[in-house]
Amino acid sequence: MLKLYKGLKSYVKQLILMVLLLFVQAFSMLMLPSMMSLIIDRGVVQGDMNYIVTAGIIMICITLAGSVSAIGVGYFASKVAVGFCTDTRKKLFRHIDRFTMEEFDKVGTSSLTTRSTNDILQVQNFTIMLFRVIILAPIMCIGGITLAFQKNATLAMVLVVCMPVIVVFLVLVLRSAFPVFRSMQAKLDKVNLIIRENITGVRVVRAFTAEQREEKRFEEANEDMTRTSTKSQVKVSTLMPLLMLIINLGTVAVVWFGGQQISQGVIQVGDMMALIQYLMLIMYALVMMSLIFALMPRASVCAERIMEVLEIKPAIKDAVNPKIPEKKTGIVEFRDVTLAYGNSDTPAVSGISFTAMPGQTTAIIGATGSGKSSVICMIPRLRDPVQGTVLVDGVDVREYDLDALRKRIGYVPQKSNLFAGTIRSNIAFSNEDMSDGQVERAARIAQADDFISKKELGYDDPVAEGGTNVSGGQRQRLAIARAMATNANIFVFDDSFSALDFKTDAAVRRAIRESTQDATVIIVAQRVGTIMNADKILVMDQGKIIGEGTHEELLRTCGIYEQIAKTQLAGGGEEE
Ligand SMILES: Nc1ncnc2c1ncn2[C@@H]1O[C@H](COP(=O)(O)OP(=O)(O)O)[C@@H](O)[C@H]1O
Ligand SMILES: [Mg+2]
């Protein structure tokens, strides 16, 4: 929690102002009981009307000053807390933006969403409370007791006895509540996960009529959270009645001893009234503090969860002395590269060595799970190899200026995401200020201009979140167009033609080749027809390259390739 609060540094001025106002507020609250006791003892008992009026006016002024300060404190507390949490959210978002796939896997998408929304809100609400109480409550406790001693030491002792009892109760209750709060946030994560899975996967859920099972899964998670939430609330809610009991017993004690002393003439009625009010003030302070303590476990769990994300060091960082090669020809070279996921001992791919030359098409073919995507995701450094090097124009990609590297690569991932917006905004994703000409050229290469022009609004037709309102083949073509609209000279297509019919597939590839002349093109595919014209074909099996050459060469030298080709081409009609 404290670590997170370091971000408050930029709000020092507002915080100082707030503290000053807090002092005014505390002063006015402490003054009022003394004033009242004076009015009773001097004004009411002695029948001095003038004194009552003057003292009354002063009391009103003090109250006004106190109220105005309280409003000011509330204003600054909210302003600082909200501003601070907005900053944190921004920081979190920027930080997550730099995460590699590895880190996303580690925390989980739903949890990241909860942490950047709900968790920050919890911290914000707590911070507002904290600001309003942190200084006020101790001043009122100490001030109340000091003033009480001035009035009457015997009665003040009652307050001194009450306070530690209250504190002990607070500690006991909150200690037992803390672990419950932690598990509550985890359960909220679970609920969010199920909601997210069901919203994004609504088609699958319906198609497999899994609604009932999913509803049950959700209900279980939801009830689990409810149970935990109730448990924590029950624990916290024992605080207030206990507190009230102690306070009421305290009041009775003050009246009991006070009554005896009044009848003995030691103190006056006003003094005893003032003491009761001090007791109330102290109670008020303690209640506020207990609220803080009640909110604190949850908020600090939330703060920890935020810090946990902020403290993850993205594995892929920009190089210390980033390099950019002198000649950007576009040679991509793999030297004995091994990639493993997470802490897995068995690598997903190993011993990968090959070179992709500019002006040529290099293809990778292999069964699903053979490691094709794993190989190419290392080129734009979505993941780094555990062994070996990937070089672009002779520079190790880990030493390459990360932005410059990625700008050179037009990458179409296997699962191409579209963003909510228009067709134009999706194609011009790499550069908002892209000219219409460039957008249309890219669409033509991807053979997307045809279906785009049939849309009601053409390029301005809306695209839904995740691109759910266009067909699979259209989505793939838009993703290809998005890559073609960049100024890259290395293009990487991860199974990007799978949803296209053979004719479109061939047309897209021909257009890509024509428009990219000297560029390096790397194509991952499962269909032999898609890659048989490539200058070089790599055959992958179980994380290794088991064959390399042209279509004709591989038919002769690579048994697995021959087999794939035979079964796939048997139907015929796949040639360009
Ligand atoms: N994010 C990941 N975490 C752990 N293992 C993964 C991950 N992605 C892929 N793998 C594993 O790596 C292997 C290669 O997968 P992948 O490169 O996607 O194959 P392909 O693209 O050829 O279908 C598979 O065994 C797969 O289970
Ligand atoms: Mg793949």
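Backbone N, Cα and C atoms are what each Cβ position is placed from, and that goes for glycine too.
According to TrEMBL, the protein carries these features:
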- 16-298: domain 'ABC transmembrane type-1' (DOMAIN)
- 332-567: domain 'ABC transporter' (DOMAIN)
- 12-32: transmembrane segment (TRANSMEM)
- 52-77: transmembrane segment (TRANSMEM)
- 129-149: transmembrane segment (TRANSMEM)
- 155-174: transmembrane segment (TRANSMEM)
- 239-258: transmembrane segment (TRANSMEM)
- 278-297: transmembrane segment (TRANSMEM)
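The largest share of C-beta pairs under 8 angstroms with the transmembrane segment (52-77) comes from 12-32, of the ranges 12-32, 129-149, 239-258.
Packing against the transmembrane segment (12-32) from elsewhere in the chain are residues 59, 62-63, 65-66, 69-70, 72-73, 76-77, 79-80, 131-132, 135-136, 139-140, 143-144, 147, 277, 281: each is 6 or more residues past its ends and has a CB under 8 Å from a CB in it. The average pLDDT the prediction assigns to the domain 'ABC transporter' (332-567) is 93.
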